[in-house]
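Residues or ranges marked as domain 'ABC transmembrane type-1' by TrEMBL: A:69-283. Residues annotated as transmembrane segment in TrEMBL: A:12-37, A:73-94, A:106-126, A:165-183, A:203-226, A:264-287.
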């Protein structure tokens, strides 16, 4: 036994640096979650006085907090649905293009926004969506008055949903296109002989064969339901649209970092982490069961 | 595929190309607008005359951005962060993935180690507890606060682990017979074979480090230490305030530009590195999708 361990020791040594770093920066914060049940005092640190579930009770009684949950779910749901439908349709249309050079050009163009940070995308959106920006100038040509894309509580969530899909659909397109190219062309030839028109081919061959990929992508996005895009919303929202635009993550940030209400903020964070963890776990199990995709 | 030249098919192709071109334009025109704004005079921009071509061409916005000093300071911090961060990511990924690619029999406790790392993607301590740990470790205001908390990207590690498992076992076995130890096998034999996979996870790290902005904002008390994306983030909210603070030397330049042209110039500069590596990104990111999964 000892000999075996000695023989193996190089492997364990290799793992050591990662284990130490992950322990410090991922596991000690787990312990730090105790402050969600304390009244945190920076002087006492994690030994602050215990208050039980008070922080949770306090936050769930805040109408603002309940509002952020609704906003989060609302925007997430539409982002996920649009983030599946748009790339699937775009990939199907792109797949009809015969020349591969043209296909690649389109793919290259729509994939670019995916790699830029939300800071830069927000810089662009703030500019083009401003009252004298190019989008409103364009709308003016059709006699449509200036639309406050980022300043109106009723429009803001939709600006977030559409711009999120806009930034991300190139990635989905690449994934679905890869799935489409792996479909056996012989199936289409057989369908043509049977007299199936293009539309029928899409309906009875392409879509069913694309289904596993669609299911996989939907299932994996389940784990992100409570995220709703902190990077995007943080950089684009303002107090005017808190009512419809504030999400759990932005709420935690304002409460914790700006107002230094560490305990309450940690309580909200813990609540979110637990639900997210369950959702991620379920999504991985579903991905394996339904799409036969093993993540670990 | 069988050629089909019916009228209906031609109409479809015309409509299809129109949709594809319009969608691609939607992805690319905002960037062209940003570029045009950055090279235009502030008067033309304020008047809403700038669309996709600069009006009253001027490079004043860039001169301002580059002489201010802040941009270069932030750029330098970002470069250091990307180089150091990616290097440390890659070292830890390799050192962790290799022992974990072995079975539980060869490396006792392998499954426990694996669970230890996977738990950190399923569940995290959240913003506040992690922030408090970084404060306690004394990394605040140091570049290490941007590198060490995410020193081991677990997903990338899993990608590499799966890649190593896909290599033929004979390679390692023959090296063991020649008397090579685990460290020698890793550095002399495996490392050269891992190049394509390392390119993929390395690009993940480069893009991740370059695009991160939020950690810079919370872990750096002094804005002088902000990496580029965090610095750009501050431009989103308070461009005018920053300009007022940066002294009177630029009063002349100030009169010739406004917030929008300056912001556009800096946003564009911040996007350039990503656009430069974009051809590689497109190639390797798609590859990463395939490498990361074990179908089975």
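Easy rule for this one: first residue shown is 1, then count along the chain.
Just so you know, glycine gets a Cβ as well, placed from its N, Cα and C.
Just so you know, TrEMBL annotations are computer predictions that nobody has curated.
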Using Cβ atoms and a strict cutoff of less than 8 Å, what residues sit near the transmembrane segment (A:73-94) while being 6 or more residues removed from its termini?
103, 106-107, 110, 157, 160-162, 164-165, 168-173, 175-177, 180, 202, 206, 210, 214, 217-218, 221, 224-229, 233, 247
Between the stretches A:12-37, A:106-126, A:165-183, A:264-287, which one has more Cβ pairs under 8 Å with the transmembrane segment (A:203-226) than any other?
A:264-287
Is the transmembrane segment (A:165-183) packed against any residues at least 6 beyond its ends, judged by a Cβ distance under 8 Å, and which are they?
79, 82-84, 86-88, 90-92, 94-95, 103, 107, 110-114, 116, 118, 121, 205-206, 209-210, 212-214, 217, 232
So which residues does the transmembrane segment (A:12-37) touch in its own chain, when a touch means Cβ under 8 Å and the partner is 6 or more beyond its ends?
46, 48, 50-53, 55-56, 262-263, 266-267, 269-270
I need to check the long-range neighbours of the transmembrane segment (A:264-287): which residues 6 or more away from its ends have a CB within less than 8 Å of a CB in the stretch?
32-33, 35-37, 40, 55-56, 58-59, 65, 216, 219-223, 225-227, 248-249, 251-252, 255-257, 293-296
